[in-house]
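K.L.:
Mind having a look at this structure? Questions to follow.
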Amino acid sequence: YSRELELKTTLRELIVYIIFLFTLCLVAFGMVSTKMFHLNAVMSRLFLEESSDEGINFNSIRNVDDFWKFAEGPLLDGLSWDKWYGNVTSDLQENRSHIYYENLLLGVAQVRQLKVHNKTCSSYPRFQNFTKDCYPSYRYNAEDKSDFGLKNGSEWKYTSATSLSPWYWGEVGFYRSGGFIFTLLKSKEKSREKLEFLRKNGWLTRGTRVVFIDFSTYNANLNLFCIIRLVVEFPATGGVLTSSRIYSVKLLRYVSFYDYFLASCEIAFCVFIITFIIQELIEIKNLKMEYFKSVWNWLDLLLVAVSILAIGFNIYRTMAVFLLMENLLSPENVYPDFYFLAFWQILHDNMIAICVFFAFMKIFKFVNFNKTMTQLSSTLSRCASNICGFAVMFFIIFFAYAVFGYLVFGPHVEDFSTFPNCIFSQFRILLGDFNFLTIEVNRILGPLYFISFVFFVFFILVNMFLAIINDTYTEVKADFAEIPSQEIHIKDLVRQ
């Protein structure tokens, strides 16, 4: 009878939890759609792949001259759409740019650069006589904020940013907000004249370490904002590294009836989380320290914590949109900083994604009444100590190979250029997704590294891991065979 009562209680909790999970999925999938992917793809093709008459596009920028050719060519061509369908200019479209006819350019684009001071890097004493100038890699304490060039405009004077503005993690640096800023104009020809003026007066210098090109569009057909950031880094090594961030986000959340339905789901989600918090507090009060000995209780706490973060991000983003939207859209000749709002929207989406992941993992807690799931959980718990001991041995060897690969192939092979890249590359080797020819830069150590790694890690260690699990599962299955079956028909319980 106690077993039947326990299963009935578990089934009731499972039904309630499935309703919560369904509500959470509605909230999560209500924020994303395939339309966002298509909008990102369209903008990516236009601003990253379109080439100038000289064959220069964003991805092919290799030096300062290429940057100016891209800015005065494909960038302005992509931003300035002054014609409507049939090559006709209408009064509605006057002084406005509709990229691909459907995406309204909000305000104007902004170009921003960060610089470093001269002679702030360390060099060998004997070479100081040969190098009069020395510009280091970008770092906060080496940033140059002094006026330069003509010193008569914002593009020549440093502009500070608000403390809440997010920093940018680039390919070779972590860049702060602010910098030397100028905006393009509504007129394509005037923008080209401004870019040409800055190019001739040396706006980009040896101290320039990164240039950001930011602009935003709005598609009324989809109610989506597309926030685009093109990043051109000028590392201390010379040359250029390009990267981009294109975010399609739904900042105006509550427009249609479906949006208001999703709003009700968000309210229901908050009610569920409040209920879960009360339940966990009651359990902690009753069980005290025994509560923290269960893995499922830790998962419950983690799910509640991530959910609270997601709710907090959503509230902050909603308030920021409500307070800033009108001010961002009112001046037509000023750059509207929608990147700040998109940043918080992406954080919220990421928290919801993590929350959904942990919520699905919690389903295992309710299906343990099934014999197969009980055997699985028993196998994992029984072999946990053996797996931990094996993991120590595995990662000692794994990281030894990672360090070896980084030191030998790092300067020549992109997959080994950083230590994290080495770790990911070795996992790819285990999965068979690896180009062996890349490590043939060292004809002796390259094949030796690859063959020995596959032999020791793949053939020996991975198979030892599988053997531990298989051996434990065999023991658990034999133990369960000796226990008389006390399973109750689940269909009868669900019917009750």
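Glycine is treated like the rest: Cβ placed from N, Cα and C.
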K.L.:
From the candidates Cys25, Cys134, select the one that TrEMBL records as forming a disulfide bond with Cys121.
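P.N.:
Disulfide pairing in TrEMBL: Cys121 with Cys134.
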K.L.:
Checking distant contacts: for the transmembrane segment (14-37), what same-chain residues at least six beyond its ends satisfy Cβ-Cβ under 8 A?
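P.N.:
That would be 222, 224, 248-250, 258-259, 262, 265-266, 268-269, 272, 348-349, 352-353, 355-356, 359-360, 362-363, 366-367.
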K.L.:
For Cys121 (disulfide bond), just count the other CB atoms lying within 10 A of its CB, please.
P.N.:
16
K.L.:
Is the transmembrane segment (257-278) packed against any residues at least 6 beyond its ends, judged by a Cβ distance under 8 Å, and which are they?
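P.N.:
Tertiary neighbours of the transmembrane segment (257-278) are 20, 23-24, 26-27, 30, 300, 303-304, 307-308, 311, 314.
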